[in-house]
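Asker: Sending over a structure as C-alpha cells; questions will come in a sec.
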Amino acid sequence: MEGSDFLLAGVLFLFAAVAAVPLASRLGIGAVLGYLLAGIAIGPWGLGFISDVDEILHFSELGVVFLMFIIGLELNPSKLWQLRRSIFGVGAAQVLLSAALLAGLLMLTHFSWQAAVVGGIGLAMSSTAMALQLMREKGMNRSESGQLGFSVLLFQDLAVIPALALVPLLAGSADEHFDWMKIGMKVLAFVGMLIGGRYLLRPVFRFIAASGVREVFTAATLLLVLGSALFMDALGLSMALGTFIAGVLLAESEYRHELETAIDPFKGLLLGLFFISVGMSLNLGVLYTHLLWVVISVVVLVAVKIFVLYLLARLYGVRSSERMQFAGVLSQGGEFAFVLFSSASSQRLFQGDQMALLLVTVTLSMMTTPLLMKLVDKWLSRQFNGPEEEDEKPWVNDDKPQVIVVGFGRFGQVIGRLLMANKMRITVLERDISAVNLMRKYGYKVYYGDATQVDLLRSAGAEAAESIVITCNEPEDTMKLVEICQQHFPHLHILARARGRVEAHELLQAGVTQFSRETFSSALELGRKTLVTLGMHPHQAQRAQLHFRRLDMRMLRELIPMHTDTVQISRAREARRELEEIFQREMQQERRQLDGWDEFE
C-alpha cells in the first residue's frame, strides 16, 4: 500500500468510525456491530473505497495485541495459577467438543475429513476482541461467567500453536514442512523470551522512568508490545499470546498503571480498526450465491457453540442466571479462523468455495453476537425484573420507590445501606447478574439491566420516584443517564458520583449540582486528622476543612468555562494563595483558646 493510499485509508477508517458508531449506539445495537457495518460499507463489497483487505486485516490485529497486553497487566502469575483448572479444563473441553461436533457436521456437507478437522478447529475458536469488549460492556469482567469466559479465550490462544502445526500434517506434507531443528530453536527462543522478560523488563523500565520524560516511557511501552508481537509472529506463534505474556510479567511491577495509561488510547482505536477490517472482509458475492447455505451454517455454528458452552458452564457449577451470558458472548467464530483457514488453503486442503463459505460464516457469526447478547439481556430482564418469587420476599416495601440507585458497587452499597437504615424505599438497577443474585438474597429490590434504557427506568418506578443516585463506574454512562433523566423524568432530583474534577465539570455543565467526588471527602477528612496530629486544635482543623471544601467547590465552578491547562494551573495557584489568606485572617480573628474542642471524630 502506497503512502498516500495508506493515509487515505486512515481517513476513511476514522470517518467510518465517527459516522457509524454513534449511529449504532443511538439505535441500541452497540459499538462493535457499528464498526462491522462501517467496514461492510467502505469495503470492496460495499462502496469499494478500500480493496486491500488482507493487508489491513493483518495490521488491525494490533488492536487485539494491545488488548491482550492490558489484560495481562491486570493478571499476575498467581492469578493465572488459580485459573489453571478453568483454562485447561473448561477451555480444553470447549475446543475439543466444539471442534469434534463441527467437524462431523462439515463431513456431512462433503468436506474431506482433513478439511473438516481444520474447519472444526477454526470454527471452535471465538473472537477474543469481540468477546472481551462485550464482557466489559455487560459488566461481566468481575463475575464468575466473565472469569470463565476469559479462561476459555486464553486456552484458545494457546491452542493456536498446535492447530497451525497440525495443518501440514493433515495435508500430508509433514516431511516437507517440518524441520524439527527449527522447532527446537523456536521453543528455546520462546523460553528465552520468558526468562529475559522476567529479569530484564523491570530494570529497563526503571531506567527509562528515571529520565522523567513521559514520551520516552510511552515509546518504550509501544516498543515492548510491538516487539513481543513481532517476535512471536516470527516464531509462528500467536502475537496476542506474546503480548499477553509480556503483560503478565509486568503485572506485579510498580509501572503497571502507567503502562495501562500509555497503551489505552492505541488499544481503543486499533480495536475499532480490527472490527472494521472484519466487516470489510465479508464476501457479499458468496453470500448472495449461497445465501441459504450461509444462513444455515451461521445458525448451526452459533447453536452448537452455545450448546457446548452452556453444558460446560452447568458442569462447572456456574449459576443458571450467568450460563446464557457465558454461552452467548463466546458463540461466534474468531479472528484465528482467518489465519488457520488461510494456512489450510495454501496447503490445498479446501476445494472450490469451501474456504470462502467458512470465512463468510465466521464473519456473520461475529455480527450475530451483539444482537444475541441483547436478547440474553431481555431474557434476564424478564426473569429478574418480574414479580418476586414467594420464597424471595424482600423486606423492602413493594410501594413505589422514593430513590433509585444506579450501580451497586462499593460506592453504591454505602449509599444504599444508609438509605435503607433510615427506612427509605429504594430500588437498585445493576447490570452485573451475579451482584443481582447476591443482593436479592439480602432483600434488596433490584432490577437487572442497562439503566440507560428508558423502559427499564420506567418499570423501576422513575416516574414516581423523587430522586435518582447515579454511581456508574464509567463517566460516559453517567452523562448519558443524566441526559435521559433530564429528558424523560425532569422531576427527578439527580445525584451523581464523579470520579474526579473532569467528571465534576461535566456534571456541572449538564446542570447537576448534587454530586460527590469519590476520593475528595475521604482525603479531606484524612487531611484534617493530619492537621490535628501536627498540633492544630481540632476545632480549628475542622474550620480549615470546611473552608477548603467551600473554596474548592467555588473554584470548580469558576473553572467550568476555562478549558486550557495553562488557565487552570494559573487559577489553581491563585486559589491556593487565597486559601492561605483565609486561614491567616481566621487566625487573627480567633485569639482565644478553644477549650470546647478536645477531640473530633
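Glycine too: its Cβ is placed from the backbone N, Cα and C atoms.
Pulled the feature table from Swiss-Prot, pasting it below:
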| type | residues | note |
| --- | --- | --- |
| TRANSMEM | 4-24 | transmembrane segment |
| TRANSMEM | 55-75 | transmembrane segment |
| TRANSMEM | 87-107 | transmembrane segment |
| TRANSMEM | 115-135 | transmembrane segment |
| TRANSMEM | 152-172 | transmembrane segment |
| TRANSMEM | 177-197 | transmembrane segment |
| TRANSMEM | 207-227 | transmembrane segment |
| TRANSMEM | 230-250 | transmembrane segment |
| TRANSMEM | 268-288 | transmembrane segment |
| TRANSMEM | 291-311 | transmembrane segment |
| TRANSMEM | 324-344 | transmembrane segment |
| TRANSMEM | 356-376 | transmembrane segment |
| DOMAIN | 400-519 | domain 'RCK N-terminal' |
Asker: Considering only Cβ pairs within less than 8 angstroms, which of the stretches 207-227, 230-250, 268-288 has the most against the transmembrane segment (115-135)?
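Answerer: The stretch with the most close Cβ contacts to the transmembrane segment (115-135) is 268-288.
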Asker: Do any residues of this chain, six or more beyond the ends of the transmembrane segment (324-344), have a C-beta under 8 angstroms from a C-beta of it, and if so which?
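Answerer: Contacts of the transmembrane segment (324-344) (Cβ under 8 Å, skipping residues fewer than 6 from its ends): 57, 61, 64, 94, 115, 118-119, 121-123, 125-131, 134-135, 138, 140, 143, 145, 148-149, 152-153, 156, 160, 163-164, 167, 170-171, 238, 274, 278, 281, 301-302, 305-306, 309-310, 313, 318, 350, 355, 358-359, 361-363, 365-366, 368-369, 372-373, 375-376, 379-380, 433.
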Asker: For the domain 'RCK N-terminal' (400-519), jot down how many residues DSSP puts in helix, in strand and in coil.
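Answerer: Helix (H, G, I), strand (E, B), coil: 50 helix, 26 strand, 44 coil.
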Asker: At an 8 Å Cβ cut-off, counting only pairs 6 or more apart in sequence, do the transmembrane segment (356-376) and the transmembrane segment (268-288) clear the bar of 3 or more pairs?
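Answerer: Answer yes: the transmembrane segment (356-376) meets the transmembrane segment (268-288) with 3 or more Cβ pairs below 8 Å.
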Asker: Which listed stretch (207-227, 268-288, 291-311) has the most C-beta pairs under 8 A with the transmembrane segment (87-107)?
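Answerer: Top-ranked stretch among 207-227, 268-288, 291-311: 291-311.
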Asker: In the same chain, which residue numbers or ranges, 6 or more beyond the ends of the transmembrane segment (291-311), come under 8 angstroms Cβ to Cβ?
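Answerer: Cβ under 8 Å, 6 or more out: 94, 97-98, 101-102, 105, 123-124, 126, 152, 323-324, 326-328, 330-333, 357, 360-361, 364-365, 368, 372.
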